């Protein structure tokens with residue numbers, strides 16, 4: 001609707017734009033000479049050109065206010081803007097890392113709450129940009145519907161997680177059995193209710209704008225909810241699958257910034273003019289080394305390597321297990337050229353350290369493209385940051401744009417190279433079968449184990 005400024009219109013009540021008086025029509029609009037079809041055509045002209053805008057038609061969004069604490073402003077007042085920003089980013093980075101360590105100490109459940117909080121904040125930041133860009137604050141029901149869809153999608157994804165990882169607990173609660181058994185139908189019914197509410201909220205003069213925001217909401221859900229769900233699934237595999245990838249991205253972000261700040265000369269990509277090849281390459285090598293060392297340190301402790309499980313007897317999440325082979329020291333023969341350099345035939349490593357090289361390589365080579373994507377998004381809508389939540393860093397989404405891409409890779413990596421079928425999920429499906437079906441499966445499994453020599457043929461049912 002902002003494009004109507006070029007036609008001589010002016011804002012009317014509620015932010016609408018009134019067209020200039022037609023020839024032969026009084027300025028006060030005393031005579032209504034337009035037919036219904038003419039009015040509809042005029043509405044289409046006023047509200048139907050959103051898809052034909054150029055970049056210059058995107059309205060300027062007012063810059064976010066500076067939320068830097070006054071004590072920092074006074075302490076750094078004598079520095080240039082470049083060094084002032086460096087110190088603000090550095091201090092806030094150390095503060096966030098310290099808080100992150102504290103949450104790790106508090107356990108897996110607090111990490112899950114942290115991921116959910118970040119998801120909600122990222123959703124809020126992206127949706128708010130849509131409201132500002134498309135001037136859609138007054139669309140009927142839409143703010144409510146956006147958050148309703150967020151709840152629906154979270155209910156669907158995390159209901160699946162409960163079914164997968166808490167099958168034993170679910171079987172003891174009759175009400176939960178009903179919710180799990182019909183979880184997908186309930187999820188679909190909830191979404192369908194929101195869909196119908198959206199259709200009923202359509203207003204004639206806002207059709208196209210409402211569908212723009214409907215699509216905006218769903219893309220935002222795809223970016224935030226699905227990725228945060230994968231982060232939590234990675235966490236259930238063991239905290240190490242959560243910490244090493246996330247810390248590798250953080251390491252790459254910090255070291256690439258430092259190498260670029262002090263040594264950067266060659267621009268890397270036009271989407272991010274401040275990114276340099278020196279920072280990109282320096283960040284890569286630093287991240288691979290960091291990931292390798294972090295994997296070695298964390299692999300020593302059950303707290304980090306054991307899958308997260310819920311123990312109903314103690315009513316809490318526990319991380320106790322016999323570490324798998326991934327987290328037990330193995331001897332590896334060195335290649336000939338390394339034997340001469342290191343003067344040793346073998347080296348002892350945790351197998352996870354080899355996997356950490358793949359994870360940190362992705363974090364440093366492909367992960368930054370999540371940031372480049374976010375930079376392109378911000379340039380498309382003429383904003384500097386997603387929000388001003390963290391001084392010197394922008395919004396939460398500015399810090400986690402690479403993390404979401406990393407979460408997807410880790411999940412795919414685990415399911416492709418590490419984890420087989422989920423025993424908990426198979427058990428949960430077996431327990432809801434009829435007794436006759438369960439008995440048939442038992443007999444089939446027994447026959448299979450006898451053929452493989454695991455059970456003795458004399459074993460009775």
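From the backbone N, Cα and C atoms, a Cβ is placed for every residue, glycine too.
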Correct range for transmembrane segment (source TrEMBL, candidates 352-374, 375-397, 398-420): 352-374
Feature transmembrane segment in TrEMBL, mapped to one of the ranges 39-58, 59-78, 119-138, 139-158: 139-158
Region pair the transmembrane segment (212-232) / the transmembrane segment (276-298), three or more CB pairs under 8 Å: no
Chain residues in Cβ proximity to the transmembrane segment (352-374) (below 8 Å; excluding those fewer than six residues from its ends, i.e. six or more beyond): 240, 244-245, 248-249, 251-253, 256, 269, 271-272, 275, 280, 283-284, 287-288, 290-292, 294-296, 299, 305, 326-327, 386, 397-398, 401-406, 409-410, 413, 417-418
